[in-house]
Each structure stands twice: as C-alpha cells, then as structure tokens.
Amino acid sequence: MDRSNQTSPLVGFILLGLSAHPKLEKTLFVLILVVYLVILLGNGVLIVVTILDSRLHTPMYFFLGNLSFLDICYTTSSVPLILDSFLTPRKTIPFSACAVQMFLSFAMGATECVLLGMMAFDRYVAICNPLRYPVVMSKVACGPMAVGSWAARITNSVVQTSQAVRLPFCGDNVINHFTCEILAVLKLACADISINVISMVVANVIFLGIPVLFIFVSYVFIIATILRIPSVEGRKKAFSTCSAHLTVVFIFYGTILFMYGKPKSKDPLGADKQDLVDKLTSLFYGVVTPMLNPIIYSLRNTDVKAAVRNLVSQKHLTE
C-alpha cells in the first residue's frame with residue numbers, strides 16, 4: 001500500500017542516538033556534561049568581560065561577545081536533550097519540541113557562519129585600512145550588522161522549520177540522530193521534499209557559501225598586506241591580531257567539511273562504523289567547537305587575558 005495513504009497525526013519522534021552502544025553512552029554523558037559546563041563558564045566569562053572592561057569595547061570584541069552568546073544558545077538547544085537521552089532507555093521527543101529544536105539549531109548554527117564573516121571583515125579593515133577603521137567599524141555600523149545577521153537567520157529558520165512541520169509523516173518516526181536534525185526529520189516525510197531541499201540549498205549558499213567566500217577573500221588581502229610589512233616584528237604583531245579568528249574558522253569549517261565531504265561506505269559493516277563516526281563527529285561539532293572558541297580567544301589574546309585577570313582581581317578586592 002502507498003505510504004502516503006497511511007499518514008496519521010504524528011505525536012512525536014524516537015531518537016536513536018547511541019542506543020546500540022550503552023557503555024559509550026555512560027562515558028559520553030560525563031564527558032559531554034563537563035564540556036557543556038566549560039562552554040557555559042568560558043563563553044559566559046567572555047560575555048561578562050567584553051561588557052565590563054572598557055578596553056574591550058571594540059567591534060572585534062562586540063562580535064566575539066555575540067559569538068559567545070550564540071554558542072551558549074546553540075548548545076543549550078541540544079545538549080540537555082542529548083544528556084537526557086544518554087540516561088533514558090526510550091528516547092522520545094514530542095513533535096512540538098522537535099520543531100522548536102529544529103528552529104533553534106538551524107538559526108544558531110548558520111548565524112555563526114555570518115558572524116565569522118563579519119569578524120573577518122573587521123580584521124580586514126583593521127589591517128588593510130587602519131585609518132578608516134574607526135569610521136567603517138563604528139558602533140553605529142556594528143549594531144545593525146549584528147542585528148541584521150540574527151534577524152536574517154531567524155527569518156530563514158522560521159521558513160525552513162515551518163516548511164518541515166507542514167509535511168505529512170508516516171508511521172516510521174525513528175530519527176537516527178541525537179537531536180531533531182532537520183535533514184533527518186525530512187527523511188521521514190511521506191511527501192515530496194524537493195521544495196524543502198531546494199530551499200535549504202539556496203539558504204546554505206547564501207548563509208554558508210557567501211560567508212566562506214567572504215572570509216577567504218578577506219584573508220587573501222590580509223595576508224598580502226601583512227607580507228608587505230617590512231619588519232618581522234610588525235608582521236608577527238599584525239598576524240597575531242587575527243590568528244585566533246583564523247583558528248576558529250579552520251575548526252568550524254574543517255569539521256563541517258569532514259562531516260559532509262567524506263565518501264560513504266558501501267560495506268554493511270563499514271556503514272555501521274561510519275554511522276557511529278558520523279554521530280560522534282556531529283557531537284564534536286555541536287559541543288567541542290563552542291568549547292574551544294573562548295579557550296582559543298583567551299589563550300591567543302592578551303587583551304582578553306588581561307581583562308579576565310582584572311575581573312578576578314576586582315572580585316578578590318571586593319571580598
């Protein structure tokens with residue numbers, strides 16, 4: 001019988017996660033919990049110091065504060081559910097909660113691409129056109145840039161999620177994932193999803209492809225400008241101002257390329273192993289990258305380290 005004739009109102013989904021690896025679930029529960037606490041602490045501290053320390057009231061740290069807030073929101077939309085799934089035998093999620101999670105993860109995940117692009121533009125102006133930096137990257141300009149990136153991604157997420165939840169779903173409600181990842185949900189629809197796929201491809205080109213191209217072009221000009229600096233010390237100082245951002249970009253996009261660029265195995269046993277690797281890579285992308293962002297910016301940035309030390313010393317003085 002045709003699947004489309006067997007549709008019925010869907011109450012919720014079953015998330016497989018790592019059900020086939022119970023021992024690994026217990027180990028990962030502890031590990032992911034620790035990582036999540038580090039994410040909250042590290043990104044929370046970055047947000048606080050960028051607000052309280054006047055020396056960090058610059059465009060670069062304004063965008064860094066946005067990135068830290070984004071990482072907290074992104075991980076909070078999925079990590080608590082993942083931790084709960086590691087302890088629960090039957091990992092179910094209501095349809096409405098699944099829709100909310102799709103919206104949040106889709107909006108937060110791609111907003112990071114746009115913010116990284118804006119941070120690359122900030123470094124381009126600072127190094128290639130330093131005299132125009134106060135004008136181009138003024139507070140009047142940075143505010144609308146950040147608000148625009150959030151508004152555009154949230155609007156697109158509303159469109160993508162609303163298209164997904166209107167689809168008819170058949171009896172099979174098992175998602176082979178930790179969370180309600182939108183592509184995994186679309187696979188369960190018993191209707192034509194070509195419009196959804198085309199819409200997502202267009203959105204990815206705009207919000208993922210264009211920022212990548214923008215970052216690449218910006219760093220071509222940045223590197224060319226740095227190489228023209230006569231002194232070695234001057235080149236090192238100029239490169240150090242963008243090394244943290246470049247490291248975050250490599251980790252963020254490198255993980256995406258690894259997730260979606262590797263070949264698929266045709267061997268059934270190899271497919272099972274690949275399924276496990278895909279899930280662990282997705283987990284890495286979802287929690288380890290947000291954890292590394294504040295660590296990288298703290299270790300490779302003297303201004304942030306000085307601001308953190310100043311905040312700690314002020315707290316000791318008040319006590």
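Heads up, residue numbers simply count up from 1 along the chain you see.
Backbone N, Cα and C atoms are what each Cβ position is placed from, and that goes for glycine too.
Taken from TrEMBL, the feature transmembrane segment applies to 28-49 (among others).
Among the features that TrEMBL reports, domain 'G-protein coupled receptors family 1 profile' is placed at 42-297.
According to TrEMBL, the transmembrane segment annotation covers 61-83 (among others). Packing against the transmembrane segment (61-83) from elsewhere in the chain are residues 15, 17, 29, 32-33, 36, 39-40, 42-44, 46-47, 50-51, 93, 101, 104-105, 108-109, 111-112, 115-116, 118-119, 122, 142, 146, 178-179, 283, 286-287, 290, 293-294, 297, 303-304: each is 6 or more residues past its ends and has a CB under 8 Å from a CB in it.
Look at TrEMBL and you will find 103-121 (among others) tagged as transmembrane segment.
Per TrEMBL, transmembrane segment is recorded for 205-227 (among others). Cβ atoms under 8 Å from those of the transmembrane segment (205-227) belong to residues 110, 113-114, 116-117, 120-121, 123-124, 127-128, 152-153, 156, 235, 238-239, 242, 246, 249, 253 of the same chain, restricted to positions at least 6 beyond its ends.
Taken from TrEMBL, the feature transmembrane segment applies to 239-260 (among others).
According to TrEMBL, the feature transmembrane segment maps to 280-299 (among others).
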Checklist entry - Are there residues at least 6 beyond the ends of the transmembrane segment (239-260) whose Cβ is under 8 Å from a Cβ of it, and what are they? => result 112-113, 116, 119-120, 123, 126-127, 212, 215, 219, 222, 226, 278, 281-282, 284-285, 289, 292-293, 296-297, 300-301
